[in-house]
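The next block holds one structure in the form of structure tokens; read it before the comments.
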Amino acid sequence: MIQISDKAQTYFRKLIEREGVPGMGVRLSAVDAGTPRADAKLEFAEPADLSGDEWAIDCDGFTLYVVAASVPWMDGAEIDYVTQSTGNQQLTIKAPKIKGEAPAESASMVERVRWVVENEINPQLASHGGRVAVQEVSAEGVVLLRFGGGCHGCGMADVTLKQGIEKTLMGRLPGVIAVRDATDHATGDAPYIPRDSAA
């Protein structure tokens with residue numbers, strides 16, 4: 001179920017009236033759903049823009065159309081038009097399921113490791129243009145990772161592995177006993193910090 005506040009409905013209605021297009025509504029979709037990059041997208045939608053499989057939510061003076069593939073990701077979403085402490089007004093969308101949900105404790109260790117890597121570790125590494133991919137998780141709980149981007153060949157990869165990634169995975173996932181690097185760092189062509197510079 002999606003909640004859209006009266007203030008948000010008034011805001012949309014005024015914008016739609018200004019456009020003056022009969023039957024115009026607002027279309028809501030999830031972009032990159034289930035990933036750390038997930039976001040909600042709102043756009044005007046004329047009747048000809050609709051595919052016909054959208055979920056229609058009748059609002060005061062217009063219809064909110066939710067793209068069918070986005071419905072599960074938008075469950076529990078709240079759309080509001082709020083006044084910030086600075087006095088500015090802003091449209092807000094809170095969609096708690098849009099980035100996906102962490103796997104249950106009963107999920108495999110591989111699924112849980114991948115979730116933490118994609119949702120906690122890689123967003124931090126992205127600030128340096130880096131990333132890691134899970135290559136393997138052994139039955140004993142040893143995680144084998146492969147660095148990429150700015151982390152591939154980086155002189156600080158060992159520190160990142162031990163003080164950042166291993167600490168995070170072992171702290172979040174009981175059962176992970178070690179994290180190892182499977183990357184051939186000599187082949188990195190654009191490291192964040194070249195290996196010969198890190199001392």
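Here, residue 1 is simply the first one shown, and the rest follow in order.
Cβ atoms here come from the backbone N, Cα and C positions, even for glycine.
Listed features, source Swiss-Prot:
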BINDING   C151, C154  [4Fe-4S] cluster binding site
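Within 10 Å of the C-beta atom of C154 ([4Fe-4S] cluster binding site) sit 27 other C-beta atoms, taking all shown protein chains into account. For C151 ([4Fe-4S] cluster binding site), the Cβ neighbour count at a 10 Å cut-off comes to 28, with all displayed protein chains included.
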